[in-house]
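The following feature annotations were taken from Swiss-Prot:
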BINDING   Asn19, Leu21, Gly46, Glu67, Asp92, Asn113  S-adenosyl-L-methionine binding site
Amino acid sequence: MINDNVHLGHRARKRFGQNFLHDQYTIDSIVSAIAPRQNDVMVEIGPGLGALTEPVCDQIDKLHVVELDRDLAARLREHPRLKDKLIVHEADAMKFNFDELAQPGRPLRIFGNLPYNISTPLIFHLLEKSQYITDMYFMLQKEVVERLAAGPNSKDYGRLTVMTQYYCQVMPVLEVGPHAFKPAPKVNSAVVRLAPWKKRPYEALNIADLQRVCQEGFGQRRKTIRNTFRSFITAEQLEEIDINPNLRPENLTLAQFVSIANWLTTHR
């Protein structure tokens, strides 16, 4: 009997959220979208068994890979074809300083089939380094991509949406079914491109205040904002910045979230 948890001699580890990509059409589509170039500083998060690593290395001379699984990191270091091209960082991507890989005049580009159990906190970690990054291509749960790309007035719109769109343009690339992985996940997946803005459309004076407004707002998303935000701004003050206090957090645009955060920053 074939064990679907074993692929290319490696047993998928549940605690690392491992699902290995093996469908060639999907692999080719992702690498084509990434379009690696020699001058790029390319970084792969969670290379696993090398499904994306190998075709990317066909197009560039050096690739940084960040892999937490000791066995997989060892396989990559000893890979007969790739070992001279790979710089293996055996590390937790959640704690990794991606900005240290940035080089003047060379685009820092990050990609990966992210473990679904850490994808949201990892995206928040990377957003903090966004000024160093040119773009990111990630395989994620389809529902996470829908949240990243959502607009106001939808159930998918939330804190992750607002904070990601504050830092990045969000562009869904392709949808991927469970058949493309071993073991097959119980959910559909999708690839998304996150491209940090060269000049943000709206600038928060204090990012911690924007985070607070999002956290408090979406923590009580069904309440009107006159109630949700009453600890720091009144209904009258909301009207002064042209925001209807009877709206709910899920009705607010990114620009309105930034306006409320900037009001908070300047009225302490």
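Just so it is clear, glycine is given a Cβ too, placed from its N, Cα and C backbone atoms.
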Taking every protein chain shown into account, which of the binding-site residues Asn19, Asn113 has the largest tally of Cβ atoms within 10 Å of its Cβ?
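Counting every other Cβ within 10 Å of each candidate, the maximum falls on Asn113.
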For Leu21 (S-adenosyl-L-methionine binding site), just count the other CB atoms lying within 10 A of its CB, please.
21
Which of Glu67, Asp92 has the fewest nearby Cβ atoms, counting only those within 10 Å, among these binding-site residues?
Asp92
Gly46 (S-adenosyl-L-methionine binding site) has how many other Cβ neighbours within 10 Å of its own Cβ?
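Its Cβ shell of radius 10 Å holds 24 other Cβ atoms.
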